[in-house]
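Quick notes on the structure that follows.
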Amino acid sequence: MAIIHPKVRGFICTTTHPKGCELNVRDQIEATRKLGVREDGPKKVLVIGASSGYGLAARITAAFGFKADTLGVFFEKPGTETKAGTAGWYNSAAFDKFAKAEGLYSKSINGDAFSDEARAKVIELIKNEMGGKVDLVIYSLASPVRKLPQTGEVIRSALKPIGEPYKSTAIDTNKDTIIEASIEPATEQEIADTVTVMGGQDWQLWIDALAGANVLAEGARTVAFSYIGSDITWPIYWHGALGQAKQDLDETALRLDQKLADEVKGGANVAVLKSVVTQASSAIPVMPLYLSMVFKIMQEKGIHEGTQNQLDRMYRDRMYRADGAPADVDEKGRLRLDDWELRDDVQTACKALWPQVTTENLFELTDYAGYKKQFLNLFGFERADVNYDEDVATDVKFDCIEL
């Protein structure tokens, strides 16, 4: 038991609130349920990177929008008697509790999703507990490091531009001030390493392993999540080291799509999602300012979406359409869920607003207050229905295998 308040260091909140996290998950489940439960669609789903952000939302839509059995893989820190674990641990515990209450199969693996050990354990569980096959594999890993399974070598990714140093207006989120951020370009090695960590290699290893073990159902699909963003963030993102990794992901999708079409009459896509507040996005310089602006503009236009709305739209309007029609894809075969964010009217408004923002008018011109609240929400804080001065149980156990 502990009384827990937020402690923010840099772009990380070092504390989490178990009750707040549980209520966040409950709200996401309710949002999905409101759209109705479908009888068709995926029924046995593996989510790699299932504990927060888009991966968690994908697991929630599968379970509570389509009554699917789910297996989730993630790397989180459990809580102890005296110390809280990570938000993803409590998110997953809450998901497990609500899924089991519905009579759905829910199992989780806490370990390194980049490891062969994790793949072997997943295959064993699919064979022994999930009827032998899965029909959807969601790949949603966001990690700054990857340990290569063959050699044990640890590779790190770099959030850097390519070629030129990147200079831009940004928010110092610790002081709530507007600053000039400057980031030196990535070296060739850093670019290559970023592709190794965040590109399609591990996704390919997963699908190869699952296909090799014959645990992919007829018609099985796989989706990996990506972000392209607007040209405002391109120097640091799409045209930076991370963009190279995401282009590698695109190329991997084309290979996997062919493979799955040939082997199980299935398919693979990259899904390009909109920018949202996640632990991953808050680490990207310029993102907090861009998010604060684009949220305000999209809210004014009535087209703002959170993580759960995006995934509900991906499943219901793209992958598993009620009319059975194939999903709309772009010229690279990608599912585009960033279509509303990238509308001309939204981006033009962003570009007009960008040079006007100062420390003095930051809260007035943008939804930076909303950004800050959503950031703390990720860790279970800033909820009106939680008393943060009360003791809360931190040692939460659930149906999770520790690797």
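Just so you know, glycine gets a Cβ as well, placed from its N, Cα and C.
Long-range neighbours of LYS246 (NAD(+) binding site) (same chain, six or more residues apart, CB within less than 8 Å of its CB): MET198, GLY199, SER226, TYR227, ILE228, TRP238, VAL270. Per Swiss-Prot, the feature NAD(+) binding site maps to 49-54, 75-76, 112-113, 141-142, LYS246, 276-278.
For GLU76 (site 'Plays an important role in discriminating NADH against NADPH'), the same-chain residues 6+ apart in sequence whose C-beta sits under 8 angstroms from its C-beta are SER51, GLY85, THR86, GLY88, TRP89, SER92, ASN110. Among the features that Swiss-Prot reports, site 'Plays an important role in discriminating NADH against NADPH' is placed at GLU76.
TYR227 (substrate binding site) carries neither a helix nor a strand DSSP state and counts as coil. Positions annotated as substrate binding site by Swiss-Prot, on the basis of sequence analysis: TYR227.
According to DSSP, TYR237 (active site, proton donor) is assigned to coil rather than to any helix or strand. If you look up Swiss-Prot, you'll see TYR237 marked as active site, proton donor, on the strength of sequence analysis.
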Of PHE75, TYR227, TYR237 (the recorded positions), the residue whose Cβ has the fewest other Cβ atoms within 10 Å: PHE75
Nonlocal neighbours by CB distance (under 8 Å) for ASP112 (NAD(+) binding site), same chain, sequence gap 6 or more: PHE75, ALA118, LYS147, LEU403
Listed in sequence order, residues with CB under 8 A of LEU141 (NAD(+) binding site) and six or more positions away: ILE48, GLY49, GLY55, ALA113, PHE114, ASP202
Protein Cβ atoms within 10 Å of SER51 (NAD(+) binding site), excluding its own: 25
Nearest-integer angstrom distance between the alpha carbons (Cα) of GLY53 (NAD(+) binding site) and TYR237 (active site, proton donor): 19
